[in-house]
Structures are given as structure tokens and as C-alpha cells.
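A.B. asks: Before anything else, here's the structure in question.
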Amino acid sequence: MLPTEEPEDDDGDEKRLSTIMTYPPAVRNMAVIIPYTSDVPCDARGQRMWWAFLASSMVTFFGGLFIILLWRTFKYLWTVCCHCKGKKKVKRPSDTSAVAVSEVGWMTSVKDWAGVMISAQTLTGRVLVVLVFALSIGALVIYFIDSSKPIESCQQFDKDYTLQIDMAFNVFFLLYFGLRFIAANDKLWFWLEVNSVVDFFTVPPVFVSVYLNRSWLGLRFLRALRLIQFSEILQFLNILKTSNSIKLVNLCSIFISTWLTAAGFIHLVSHSILTLTVCILKLLLSCVSCLLLQAMFASYVPEIIELIGNRKKYGGSYSAVNGRKHIVVCGHITLESVSNFLKDFLHKDRDDVNVEIRGALFKRHFTQVEFYQGSVLNPHDLARVKIESADACLILANKYCADPDAEDASNIMRVISIKNYHPKIRIITQMLQYHNKAHLLNIPSWNWKEGDDAICLAELKLGFIAQSCLAQGLSTMLANLFSMRSYIKIEEDTWQKYYLEGVANEMYTEYLSSAFVGLSFPTICELCYVKLKLLLIAIEYKSDQRESSTLINPGNHVKMQEGTLGFFIASDAKEVKRALFYCKACHDDITDPKRIKKCGCKRTKKSAYKRMRLACCVACGGAEHGCSCMSDSVASNMEVLHRGFPFSPVSLYDNTTTLLEEEQQSALSPKKKQRNGGMRTSPTCSPKIIRHDPLLVPGHDQMETMDENIKKYDSTGMFHWCPSKDIEKVMLTRSEAAMTVLSGHVVVCIFGDVKSALIGLRNLVMPLRASNFHYHELKPIVFVGSLEYLKREWETLHNFPKVSILPGTPLSRADLRAVNINLCDMCVILSANQNNIDDASLQDKECILASLNIKSMQFDDSIGLLQANSQGFTPPGMDRSSPENSPVHGLVRKASITTGANIPIITELVNDSNVQFLDQDDDDDPDTELYLTQPFACGTAFAVSVLDSLMSATYFNDNILTLIRTLVTGGATPELEGLLAEENALRGGYSTPQTLANRDRCRVAQLALYDGPFADLGDGGCYGDLFCKALKTYNMLCFGIYRLRDAHLGAPSQCTKRYVITNPPYDFELVPTDLIFCLMQFDHNAGQTRTNLSSHSTYCPSKKSPSALSIPSSARPGRSRSRDPRDKQKTKQNNILHKKKNNSDEPENSFPRNTQTKHTNTHTANQTNQYKSTSNIIQPIREVEEEP
């Protein structure tokens, strides 16, 4: 309450005069200057001190402004002087070309730390932003409470609780102001910001209040301006998501903030007359009248704003900071594209990201992101963003454009412009079509060896889908590996718990410690998994010619070199450092991998291989050079020594005798060496093969006859090849397809027409025709779709074997039944019409309808019917009547499918939110991220948006893209891309030792645990034991599990859906129904074995499905290796017929029509008569081509 004025009378004047006269003369003189008022009852003199409060704010503001301007002036003068002196010096070309990279100073480090603390990117930043806003509102409430008191009054700090609380708030505001000042790039503009002005006029007066023991309301009403940030706070908390809601909240907050600020100002001016409530009401009436007047001039406001603010909002140029790299992001810059990029680029699991991104403006990343409006085709704009000093330039593409070729052309022009301005800049660009990558090779300064790379979305998308045809669910696992995902912990025992534990894993690279030098890859892989809790899947190997190549799960013949780069699967970049810091002397007895840090011991500079040689020389008494024990077998037995003493400190000198004894014994007894672990073979390889080298494999010339007259592979030896075929020769009618009795094949349902953009089906077929498969292992591919569209794609497909076309529509159930979709290994649903629809929810309508159509189909028990009535006519790989005829020893058996819901399907989607329509029994929310949905976790859905993470992954480590491309494309190399750029088609090549050697590479497979050599671990065994056994016995690297969705319930379930678990821990419990993702070695003997075992599929019931991957009979326990003489005679006849078939002029086709009812020998004819009663039920199966 304000004190009421007393009526002025003569007595009062006399009292006032007498009071003044009692003071000394100095006081009497001051009394004339400062009149007495009743507003400050605590001061007998009636003296007001408002000027002290205001002076504290003005001195702070103008003093800081003066210091900043003075510093800038001195800096400018210093720069000009140094520039003038620099002109006198002659610069050498070497000086101009070499750019010194300055180290990050402590000031820059502190600035980065402050920027992280106050940005809304991190949890700490979000908490601080929200806390500052909440305390500002609290300070405003205290102002409302104090407004009921006089404007200036005496307050004792130790007794006034509101002053104490306000003091605590302002101390926090002062600290936050300091953080903001440190993180600001432009101190001058920061000093003039609205929030800074608010701090200047509210924080210093509080400290003056404590010093003078009096309070002054003053300009504390300026705290109401913090309400303007209310919409930003709600965006940080993910409460506001639509633009309309953001605009509405922003307008309301600005109105309320301005209203309260103006009310406080009027209250300050007329404090002796009006209270705050009256001011607010009067101001509200004034605002209503003003709004009516402003409506008349609403049409003129935009023009006034345009004239006043003609300067571009996002103009200016970037000022480089010493010690800090920056990248330029350009191309298709939208909220979705850049937000997806930033979410992965600035993920906390990455190592320290000392990079600034110039590509978008987000408030939550304001300390690390700046936006500049312009075009990279303009050299002036490139100079503004300092492209010459940028660490890289990333070009984003519009994945949803209607014309992919036009989008690729625009990105190519951007590359040309940037390379023309600065040829040395590293460029990573997105491309939509695979054939457009060839144009980048025409740019003279484009060099993939220097880090330039093109991420082709069509190539990778279809490659991921193709790998799912070989191992269902692999597309999901690989997509999660190169995407940065935070670990989401779930306590409930659900399938999401195990899935999300695997999602937290990413792919990293790190150099291997010198302790691994000289050891084989399987040994290091086992040590890393067991001791370091890391999964090593590949290495960057340098050959004798110093050429680097990425080797995925190489065999025992590859010994680790010094400085080898390893590819790891781990949950954090810090964990991978263990492989670099590992020291056998210091860390051998450590059981907790978190304790493996960089040790302080000084290890010898000699590698482990040299130390082993020295130990051998000491034992034999010879010199280090020229010693008789320096044979290659010594290096190979280093692995034997390591396994003899696993993970324990072993003196090389003390065990030299043991080493030499083992060498002699291994030379005399290969079987004993095999028992000691010196020999490891793949699960489909003969135990006699030590090295997977096609030139050193015994009998390899029998399997891979280098016939100069036959071309079976392309010129690089990476893919199966056949002479080009006309599309008419591979077309099947519905009746022909039905009589073919397809099984173990891949059905590709494609939607498209004459006007649709090509999606590049070659990228889907190439991984399925990789040369590390034998010919009989290739899955037949059947395309079901528009013939007009497939004719346009056929030019890139006519050189691949076992490809057929059924003209029709994927929505026709008759066409689907004709291709035996219930017996296929995978059904792929693609659409070329997705980008022609504006409505996002309708872009995937064709794919969704086709998927639901297939899932609703019903089928007879075809496999059971064939087994019961048509023995001998069972489709290849489907006979399970006896263990002898079944796909044995850990292979995935084809289950009988009676409903379409159990058919393995993978559907391509454009819009992530449409994934909710694929599964009707899931409870996924429409706003759920794609990787958290059930269809994606099960590997039945794939969207191109998951490839956005590859941009940031490639920037941080270009080796990751090389590994992904090697895994996904089946072996595409820069050399192959150069050949495709010449004529856009694969060339056939003759088999040479060099091209055949390219077949020796790993492939992905799935192994079952309900049968085979790992069956004992399937029921309650540990995943780590399975990992070690598969690696030691078969050189097979396991990296994940494909588990039934309801397996954790422990009870039988009708649900056949599975989900992926990436890199389970060692003690993870297995169940018999699990399928294991693994990397298998190439099998050199499989071609000969399969040819002998399955020459005629029309009568041989033991022939396996093309999708079946088995351990050869020679490696199976309990199988006799001897053959009956009749079998040998039949095999000889079959080989003769096989040679006749190869020499015929018949065009190569997976389903030759002239073999439909032809029988090759009397035995087959007799067998046909024997089962004559069943021939009316099903037509004889056509012969499937064997490997030439």
C-alpha cells in the first residue's frame, strides 16, 4: 500500500521547517536540493537513491560496450599493420600450398564447453534453458509482489525473504550470462541482445539493494521479456511440433510480454498515483483502441518492413575459428533432411565433434550451426562460407523428387562448381541413380582416394534388400549399425528389450595394438570378443604392393601387420579404444574391460613377429638374420603358441622349445595339428584346405576349369555372367510358371509403367549373383510386374543368369500362385511410382496393398502333399522325410507355409509413418520412429530414410562406407564402376587365376541351432560359446541372432515373426529356434560336391535348395566318404551329359522350356512310371542348370 498524503497546513510547514533547521548547515543546503517525500519512510532525510540503481546498470552496459569496441579497434589496427608487413615478404609456392593446422587452444576449448552447456542439444543445455526461463518467471512473480510496496523502500537483507530469493535468482542469471558471453562468437551483437539488456537492468540493481539495504522496483519489469522465448522452450520439450501451434504461441507470448513490460514502465513513471492493477486495465483498453487503428494500416506494414529490413536475414559470411574445423552442407536443405543429418552427426556416442555445420538454423544447435542463404553455383557464396578452409562439403539430395535424373544432374553441377572453385575440397554427395555416378568420374579433380565419395541411395537401398533375401533381417541390422542410436533401457522382459540392446551398437574403426602383430585374424577376433568385449569383423589389409583392401573375416592365412585398421561393432567410440591400448604384459590378467586403459610401460619397438623370430634364433643359437628356423611355418605356428597358452603371460624364450616341438609334430602329423587348433576350415570346406587361396587349393583345377572358350563371370570375376538374352526368352506365361514348380527362389513384385522413373533393378540382382556363390547356389529370381517397365530395365539385367519375368501385376493372386510365392525364400515388394504422388500417406499405397494381399492368401500344405504322394518329385531342398535327404547340419529348413502371413516379405516404403499399416497386430504409434517399429525390427520393412545417417558416418570415417558397400553390393569396386561407366553393362571375362581369386571372399548366411554341429548350444547354451566354437572350428564369424518374437515367453507360440539382435553379449542365452547371422568363408569344394550329388533334380531327392548352405559331406560326422560303384557310374554319366549341355548352343536360362518333360536316362523314365499316379497331380520339375 502506498502511504496516504497528509493534508498540507501551516502546522505541517512549521514542523518541516523546524526539522530542517535542527540539522547542520550542510544538511540544510542538501535539503533545499532534495525535497522530502513520504516514499522512503526509513530515511529521516527523505533522500532517494534511484540514481544509484540506474547508474549500476548504465555503467555495466556502456562500460562493457566500450571495452568490446576498444578491443575490436586494436585488433583491426594490428591486423592492418601485419597485413602491410606481410605484403613486403615474397611468398613461396610451397608456403601457399601448405596450410598449417593449428591446435585447439584452451580458450577455444572453454568456448566449446560453454557452448555445449547452454545449447539445447545436450540434456544439460536443455535443463539450463528451461531453468533460466522458470527462474525468470519466478523473478517476475517477486516483482509483482513487491509492486504493492513503495517504489523505493528500505529493506534489511537478512529479514526480507523476497529479496533473498531474488538475490539467489540473479546470482544464477549472472553465471548463465557468463556462459553465454564465453560461447558467443560475436561479442558485440551478444552485448546488444534483448536478453543481455534484460540482465543489465535487472541483475546489478539487486547487488546494489543488498549494499544499500534498500529496494527499488525500477526496471525489474523487463524480466517479462523472457516470455518471448516461451515457444522455443516448448519446442525444446517436444510439446510444439506444428508450425501453426508455434506461431500461435509465439504471438501470444509476444503480446503478453509487451503488455506486462509496458504496464511496468507506466507504473514506474506514475508510481505516486496509480497502482499496478489500474495500469494494466488502462493499458488493456488502450491496446484495444490501438488495434482498431492498426487494422487500417495492415496493408502497408509488409512494405514498411521490406523497406526497413532490406538486408538479408541469412547474409554475411563465416568467420573461421583457429583450431575448429567446419563443414558446408548444401543441396536439398529442408527441415527434415537437415534435422535427420544433425541428429546423427552430433550424436553423443561419437568422439569429440570439433566441427561446425553451416547448413541449417536450429535453436537447439545454435552454438554449432549457422545458416547462409545462397547457392554453391555462385563463387561469391562459396567465398562467404570459406569453402577453401572447410574440412568437407556435404551435398544432400531430394529422395522424394519426381525426376531422379534431374536431381542427380543438379548435384553433379554443384560438385563441378565446388571443385572448380577449390579442387582439393573433399566432397560427399548423395546420388539417386546408380548410372549417374559415372558422370562424377568425368570431373578431373574428383578423386575417391582423397576422400571424395558418392552415396548412391538406389544402390545401397536395393543392396540392403538383396542381402535380406540371403539372410532375412540383415537389412535392419546393417541399417542400425551405421546409424547413431542412443540406448533405451527397458526393464520388462519383452522382445523390445533385447532388440534395443542391439540397436545401441554402431560400427567403428580403430587401429589395432602392436600386441596383435603376427597373429591370425580368428585369434585376434576371439581375443577381442572374449577379453575386450569388442566384435572385430574386418580389417584394412595392405598387400606386398602396399595396396589397401578391406577384408571381411579373412582366413588364417592373413597375419596382422603393424598399424592395421580394424572394423569393430561396439556401443561407444571409447570402448573401441581398448583395441588400441591393449597390452598383453599389462592387461593380460584384467577381467573388467573397462579397466583397459593406455598403459605406461615402454614396449619394445619390435613387433610381435620380430620378437618371435628373435626367440627362435636364441633357441637355435643362430643369428637373427639367416637363421635356419626362419621358415614360414614358424610364423604360422605363432598362432599355435598363442592358443596353447590362451590369454596368459608367456615368456617367448621359455616356450621356444615347445614351439619347435609343435612345429616338428605338426609337420609329421597333420591330424594332431588340426586337433591343436592349427587348422580351421569353413563349415562348407574340406578339412584338408588350410588357406582359402584358389591357386593353392588341392584339386582346384578340377572345380574351376579355366576354359578359354567359356565365360562364366564378368571381367572382374566378382559376379556370375551369361551372354545377353532377349527378354522374350525369359518371359513365362502363367501356365508355364505354374508347371515350373519354383522353390527356394526370390519373387520381386514391382509396380511401374512406361512413365515411371527407373529404380535400377541391377543393384538388386548383382548381390544375388555374386561370384562367391556357386552356380547351383544362386537363387532364381522371378520378376512379377508390368512388361513395359521391365523392358526398360532389361538392358541392365540381360547378362545375369537365372532371371525370369512373369508379366502381370503383384496384386493378382493368380500370378502370385503361379510363381509359387508360398515356396519362395523371399518376396520383395518395390514400386517405381512412389514419388509421383503428392500426398505422403498415399505414396506407399501400392506396396502396402500388395503386402496385405499376400499376407491374406491361403495355401495348401504343398510340401507335405508332395512328401506324401510324390516322392522323387519334391521340390529341391524341401524333402524332409529323412535326415539323409534334409538340409542338414545347421541350415535353415523351409517350413511348410499354409498362410501368406508366414511368407518372408520385405516391403520398401517412402514415408516412414506408413509402416504402421503393414502389421495389423502391432501396437506401434504413428509418431514412433521407424527403427522402433515392429516391421522394421523384424526386417519386413525398409525405408530409404535410414540411409541419411551414411552421410555423417562417411564424413567421420570413409572406411565405413567401403565396408558397407562391400557387404551390401556383393563386391562392387571402383574398377567395376569405371567399366560400367564405359558401356553401362557387365562384360564377360575368361576365367584366370586373378579373377578366380576374387571369388574367395566372405558372404552372409543364417544358421539354425535346432540341428547340426551347434545343436548342443541351442538349448540354453551361451552365445559366447557358440561364437568361439564357430570361429575356431569353421572360421565362421557370428554377429547377431534372428529370434522369434515370442521366444522370451518360454511357451510355444503360433507367431512366426522374428526380430534381430545385434552383437549379443557373451553370456546371452540361446534357444533352439534361433537363427544365427554369420560370415562364412568361400567353399572351393562345394561346386564339385554339389555337381556330383545333384546332377538331375528330376529324380534326386537329396538335392538341396539353392538357398541352402550346408557343411559338405566330408566335414559331417558319421557320414561315409566311400561311394557305391553304381553311384560313381551314374556320376560319370551325368558329367558326360553335363559337358554336352555346356557345349550346346542353347541360350542360358534358369527355366529352359525344352527340358520341361525331357528325361535323360532309363532310370529317370522308370522312376516316372513308378510314380505315374502322381504325375497327374503335379508336372515334372524342370531341370535346373548346374554350374558349367
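Note that Cβ sites are derived from N, Cα and C of the backbone, with glycine treated the same way.
I grabbed these lines from TrEMBL:
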- 50-71: transmembrane segment (TRANSMEM)
- 127-145: transmembrane segment (TRANSMEM)
- 165-183: transmembrane segment (TRANSMEM)
- 189-212: transmembrane segment (TRANSMEM)
- 246-266: transmembrane segment (TRANSMEM)
- 273-297: transmembrane segment (TRANSMEM)
- 324-455: domain 'RCK N-terminal' (DOMAIN)
- 663-684: region 'Disordered' (REGION)
- 743-887: domain 'RCK N-terminal' (DOMAIN)
- 1090-1188: region 'Disordered' (REGION)
- 1090-1108: compositional bias 'Polar residues' (COMPBIAS)
- 1121-1130: compositional bias 'Basic and acidic residues' (COMPBIAS)
- 1154-1170: compositional bias 'Low complexity' (COMPBIAS)
A.B. asks: Hey, which of 50-71, 127-145, 165-183, 246-266 has the most Cβ-Cβ pairs under 8 Å against the transmembrane segment (189-212)?
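C.D. replies: Most Cβ pairs under 8 Å with the transmembrane segment (189-212) come from 50-71.
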A.B. asks: Can you tell me the mean pLDDT for the domain 'RCK N-terminal' (743-887)?
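C.D. replies: 82, rounded to a whole number.
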A.B. asks: Using a Cβ cut-off under 8 Å, which residues of the same chain at least 6 positions beyond either end of the transmembrane segment (165-183) come close to it?
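C.D. replies: Those are 110-111, 114-115, 117-119, 128, 131-132, 135-136, 138-139, 142, 157, 190, 195-196, 199, 202-203, 206-207, 210, 367, in sequence order.
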A.B. asks: Mind tallying the domain 'RCK N-terminal' (324-455) by DSSP state, helix then strand then coil?
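C.D. replies: The breakdown for the domain 'RCK N-terminal' (324-455) reads 51 helix, 25 strand, 56 coil.
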